[in-house]
């Protein structure tokens, strides 16, 4: 039994492989309990603050439903609902909320903000996404891989294909090296992954048996993979010039049925943290079609809707893994 009580959850860098496995085992057990109606509430009487400086569907719903299932109360502070960083510093906000709440979730911008909250709050702080990292997503991804593959994580070959400089590339690489995986980032040279983070992850890999490969060669990068993973190419709010240059660079890296075939693995799976631009059924999808003539972006519609895609199992597992983080760090054992 691991005692993670009162620990912050800011990045998987802070946890050992055994601790990460504990989160995953607890999430599995909580998922089973929810399905069988045998869940025991370990967060009764707890109050949780959810700070969202960026919009969210899965993360917000996962925290709210997970907390409710476990008997906790939540307060949602949206992009206009708190003064953090505008009228009040992160340190002051942390000291105020830490007096009223038992745990604080933060989804927003720089990693330094969530770290400041954790330093000053005096209660567990959980990272719901920053510009640099997305650790709760990785727990959901790894639980999903466990469910779909009859082998341990350290035997999984995993390729992240697309924008090698974004927070998902960072977060997946950290998680993968901790768990001893064969991890590849397949991305154009013009969009490099953070060199200091790559060096740090290679250091960790030397101790866990993991492998880290950064390549712009798609065929080489996806060969033999169990999982192909991608994320959106551009973020909302980025200027048109960035969209144009990124789309040009990344179009050859769209994950599709042909790329799945290139793995040579009939059991390969496709994953995506969502939302995904795979059709024209959204306002953004329509805009992309009008401006760039593309009906799909980072993943083909065919693959997204195919038997290889496990994206909705992955999305559901956001809730079970986030619940596990709250229970492990805040719950009555």
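If you go along the chain as it appears here, the first residue is 1 and each next one adds 1.
Every residue, even glycine, has its Cβ placed from backbone N, Cα and C.
In the three-state DSSP scheme, residue 58 (carbamoyl phosphate binding site) falls into the helix class. Around the Cβ of residue 58 (carbamoyl phosphate binding site), the number of neighbouring Cβ atoms within 10 Å comes to 22. Sequence annotations record features per position, and here Swiss-Prot assigns carbamoyl phosphate binding site to 56, 57, 58, 59, 107, 134, 135, 136, 137, 273, 274, 318.
For residue 167 (L-ornithine binding site), the number of other Cβ atoms no farther than 10 Å from its own Cβ, over all displayed protein chains, is 20. The L-ornithine binding site annotation in Swiss-Prot covers 167, 231, 235, 236 and rests on sequence analysis.
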Reduced DSSP assignment, residue 107 (carbamoyl phosphate binding site): strand
Rounded distance in angstrom between the Cα atoms of residue 137 (carbamoyl phosphate binding site) and residue 167 (L-ornithine binding site): 11
Residue 107 (carbamoyl phosphate binding site): tally of other CB atoms within 10 A of its CB: 23
From 167, 231, 235, the binding-site residues whose CA lies within 10 Å of that of residue 274 (carbamoyl phosphate binding site): 231
